[in-house]
C-alpha cells in the first residue's frame, strides 16, 4: 500500500505522544545520568556543579561499601533466581499432573505475587522479629535453636530474610510461566519416550527441559534484572543495617543520593549497574538464540 | 483404590503442604490485624488470636483517620490516570510499529526493548532532577507521567504482539471503504486488541498502586501520600510500631488488587504468558 500524505500525518500523530513521553521521561534522564556521573553534583545545590572527569567512578570502584553492596546484590540474585525458578517449576509440574482444583491452587499460589512489596516486607519483618513468631517456633516448638536468632541484626541474617521474601514472592510468577510452557510440550514426545522405555527422570531431562528451554531463559533474564533491582524489601526490612552491611546496590545508591546528597556518585554507581545488567542481558539473549538453533 | 488415585492424592498433599507455607504469612497478617493492640507484644507470640479477643479496633482506628480516605483516593487517582495514559500511548505505538514502516522504526523498537531491561530505579537521580525542573516535587500529578513512562515499554511490546495477531485483511477492507489510519486504529485495532490492552493495564495498575521508592522520594506532605507511603509511615519507630494498624491498613491496600485479580484472572494469565512461551 502506498502511504498517502494524509496517512503519513496520521501515523506521525499516533507516534508523537509516545515519542514525547520517551524523550522527556526516559531518554533525557538516561543522558542526564551519564552527564551527571562526570560531575561533582550535590543535592541541594542543584545549580552549582563542577566537572571532575572520572573521579566519581574512581570513588565508587575504590569504595569498600561498593564491594559489600555489590556482593549482597550478587548473592541475592544467585540465591533467589534459581530458588524461585525451582520452586515455581516444581509447583507447575505438580499442577500439570493433577485433575482437580487446578484453578484454586493457581490463584492461591499467585497471591504473594500481587501482594505489594511494602506489605510483604512488613509481614516478613514482623515474623522474623527477634521476639517474633518464627523464633518462638524454632526455639520452643521444634527446639532447633537454643536462643532467639537475631535475624535482622546481622548481615547474613538480614539478607536471608530478604532472600526468603524474594523467593516466596516469586514462586507464583514462575508457576504460571512454567505451567504455560509445560502445556506446549507435545504429548507424542512423551509417548515416544515411553515406548523407548524411558523413566520419568529421563523424560524430564530429555523431553521436558529441552522443550521449555526458551521459557527457562526468558525467566532467567527477567529474574536476573529483578534480582539486581531489589530495593523496597531491603529498605523496609533492614534499612541497610547494621552499618550498611545489608545494603544492596540500589539502596546504597539511594542512600548516597538522598541522605548524603552525592548525586554524582549515585549517577556513576547507577551507570555502572546499568552497563553490567545490559551486558548480562545481552549474554543471556545470545544464549537464548543459540539454543534456539 | 487404583494406583492412579493414590498418586493424585499424594500430589494434592504435596501441593497443600507448599500452599500452607505460601499462604501462612498472609494469614498471619490478617490474624494480627484482628488482635487487640495490647496483645501484639505479648510473649509467647500466638499465631491466631483467642476467639473472644478478635476485634475490629485496628480497622476502626485506621478508618477513623481522615487521611486514610485521602491516601486511598490519591493512590486510586494516580494509578487510574497512569494506566489510561500508558494504555493510550502504548496502543498507538504498538499499532504503528506493528503495521507501518517509518524511518527509525527499528531503532525505536530496539530502544523500547532496551528500556525494559534497565531497572527503573537506576534513573531515580536524573528523574528527581527532572521533577525539580518541572516543579512537580510534592505533587501527585508529578507521579503520573513517570509511572506511565515506566510502563509504556513493556505495554508497547505486548500490544505490538497482539496487533500482529490481527489479520491485515481487516485493515485493507477498511481502507477500501475509504477509512484512514485513524479509522483502522479506532474501529479495528482497539476493539480487537482489547484483551491484550486489558491484560497489560492490569499489570500497570498493580505497578502504580504499589510503587514505593519514587512516591516516597517525591511526596513529603501527609495528605499527598499514596497508600504504600502511608503504610510505611505507620511504621516509624522500630520499637513502637503499631503492627495492628499497619496490617489493617495493609489489608485495605490489598483489597482493590485482589478484586481486580479475581475479576480478571484470565487476562492476568494471558498477559503473563504470551511473551514467555515463544521460542
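Each residue, glycine too, has its Cβ placed from N, Cα and C.
As annotated in TrEMBL, transmembrane segment covers the listed stretch A:107-127 rather than the other ranges in A:44-64, A:107-127. Of the given residue ranges A:240-262, A:263-285, TrEMBL assigns the label transmembrane segment to A:263-285.
Ranked by number of Cβ pairs under 8 Å to the transmembrane segment (A:161-182), the listed stretches A:12-39, A:74-95, A:107-127, A:263-285 are led by A:74-95. Counting residues 6+ beyond its ends, the transmembrane segment (A:74-95) has Cβ neighbours under 8 Å at 102, 105-106, 109, 159, 162-163, 166-167, 169-179, 181-182, 216, 219-220, 223-224, 227-228, 230, 248 in the same chain. A Cβ distance under 8 Å defines the sequence-distant neighbours of the transmembrane segment (A:12-39), meaning residues of its chain 6+ beyond its ends; these are 49-54, 56-57, 263-264, 267-268, 270-271, 274.
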